[in-house]
Amino acid sequence: MTWLKMCAQMIILAGRGIITASGIVLVEELLFRSWLPEEIKADVGYHQAIIISGLAFSLFQRSVWAIPGLWLFSLALAGFRQRSEGSLSIPIGLRTGIMASSFVLQTGGVLTYKPSYPVWVTGTPQLQPFSGAIGLAFSLLLAVILYPRQPPLEEKSLAPSDEQ
């Protein structure tokens, strides 16, 4: 019976993590991967918009140790968005999975922080996945592979006077 209770608690914990993470990520991705880059792009250009929006995203997370890793991860998410032709489904799904699994691992007691390891390697005790050297290396690899090299092509619509 205790095994069944433990499984039920883990399923409830995972459900809470997924629902909470989905809501947070949906709002953040709409803001930092859809609206903000488009507004900035109109003024300064495509690549600068991705860089500035990514920096705003990483600062918004309020974790000084995680800023470089989250900024690089944001650049990778912009690449995912471009490769999926503007769809936010991959960035939303990826971030939801990372946030929900981090929540379950931390809250469920699966991972425990060991202060014997240096903070610069493992990150902060709050289990921020991108705050240490390992998270930074992972996000750097993703950013190098996925960063959009070319701006997406803008489709030109024909004006009524151009049709013949």
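Note that Cβ sites are derived from N, Cα and C of the backbone, with glycine treated the same way.
As recorded in TrEMBL:
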- 7-27: transmembrane segment (TRANSMEM)
- 18-95: domain 'CAAX prenyl protease 2/Lysostaphin resistance protein A-like' (DOMAIN)
- 63-80: transmembrane segment (TRANSMEM)
- 92-110: transmembrane segment (TRANSMEM)
- 130-147: transmembrane segment (TRANSMEM)
Spatial neighbours of the transmembrane segment (7-27) far in sequence, C-beta under 8 Å, 6+ residues away
92, 95-96, 99-101, 103-104, 107-108
Report, as numbers and ranges, every residue of the chain located at least six residues beyond the transmembrane segment (63-80) whose Cβ falls under 8 Å of a Cβ in that stretch; write 'none' if there are none.
29, 32-33, 37, 50-51, 53-55, 57, 90-91, 94-95, 119, 123-124, 126, 128-132, 135-136, 138-140, 142-143, 145-148
Secondary structure of the domain 'CAAX prenyl protease 2/Lysostaphin resistance protein A-like' (18-95) by DSSP, residue by residue, totals 69 helix, 0 strand, 9 coil
Within the predicted model, mean pLDDT of the domain 'CAAX prenyl protease 2/Lysostaphin resistance protein A-like' (18-95):
94
